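The following features are taken from Swiss-Prot:
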type     : residues : note
CROSSLNK : Lys42    : SUMO2 cross-link
CROSSLNK : Lys149   : SUMO2 cross-link
CROSSLNK : Lys234   : SUMO2 cross-link
CROSSLNK : Lys250   : SUMO2 cross-link
MOD_RES  : His216   : (3S)-3-hydroxyhistidine
REGION   : 207-231  : region 'Disordered'
Amino acid sequence: MGRVIRGQRKGAGSVFRAHVKHRKGAARLRAVDFAERHGYIKGIVKDIIHDPGRGAPLAKVVFRDPYRFKKRTELFIAAEGIHTGQFVYCGKKAQLNIGNVLPVGTMPEGTIVCCLEEKPGDRGKLARASGNYATVISHNPETKKTRVKLPSGSKKVISSANRAVVGVVAGGGRIDKPILKAGRAYHKYKAKRNCWPRVRGVAMNPVEHPFGGGNHQHIGKPSTIRRDAPAGRKVGLIAVRRTGRLRGTKTVQEKEN
């Protein structure tokens, strides 16, 4: 009988513990309040910091609490072009400037945004990786919905009340520089999670992987596998619609709703 393979060991098990060592905290927008719904609130960028395990830099933005005599520090994902000492405005009536936070319904079509809310008040879920951005495509005032194009290229209809940061996430072009040596990859993934180095299945023994074994490295069976396969066999191309090269050209007509 074979061993428990890598895919099974990584599956459901004990309670997940988040990797928090040296992390600076959760990067998200302000909790929506009366000031943001009806006007705007002003903050100042105090510092731009690096967060281990994250490609994009973070901005420490200090706001005055609208209800108590104190200051509150928020961690925003930094938009490209912001700087320390810059004023950041959050709210319905804020101006359309880089780094400001506005509802997407108030932005003109074609605006580039990042750290976009998927549902009103979730404080930013989409387009958060370094260099990523979403584009506002169109508005529907009757249904109060806005259509946006996500970094993947897919289009999504969201509420016009969802907030977003104006601009592109800083740190773009990070993956253009080659890693070049294993030592850099080691330190990169050590800060993220235990996923490196990744041994190929064909390089393993037969007890450790369905693709292991043989007098030379070959899979020896179809690499496609059905969706309901048992966990110890479910490796390779799982429930794929097609395999092989994409040959020829195909014209895709996009239907604009």
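Placed from the backbone N, Cα and C atoms, the Cβ positions cover glycine too.
Note that the structure is predicted; figures quoted are calculated from it, not measured.
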Winner by Cβ contact number (other Cβ atoms within 10 Å) across the recorded sites Lys42, Lys234: Lys234
Among Lys149, His216, which are recorded positions, the residue with the most C-beta atoms within 10 angstroms of its C-beta: Lys149
When distances run from the Cα of Lys149 (SUMO2 cross-link) to each of the recorded positions Lys42, His216, Lys234, the nearest one: Lys42
Pairwise CA distance, His216 ((3S)-3-hydroxyhistidine) versus Lys42 (SUMO2 cross-link), rounded so that it is a whole Å: 65
The region 'Disordered' (207-231): DSSP-derived helix, strand, coil residue counts: 0 helix, 2 strand, 23 coil
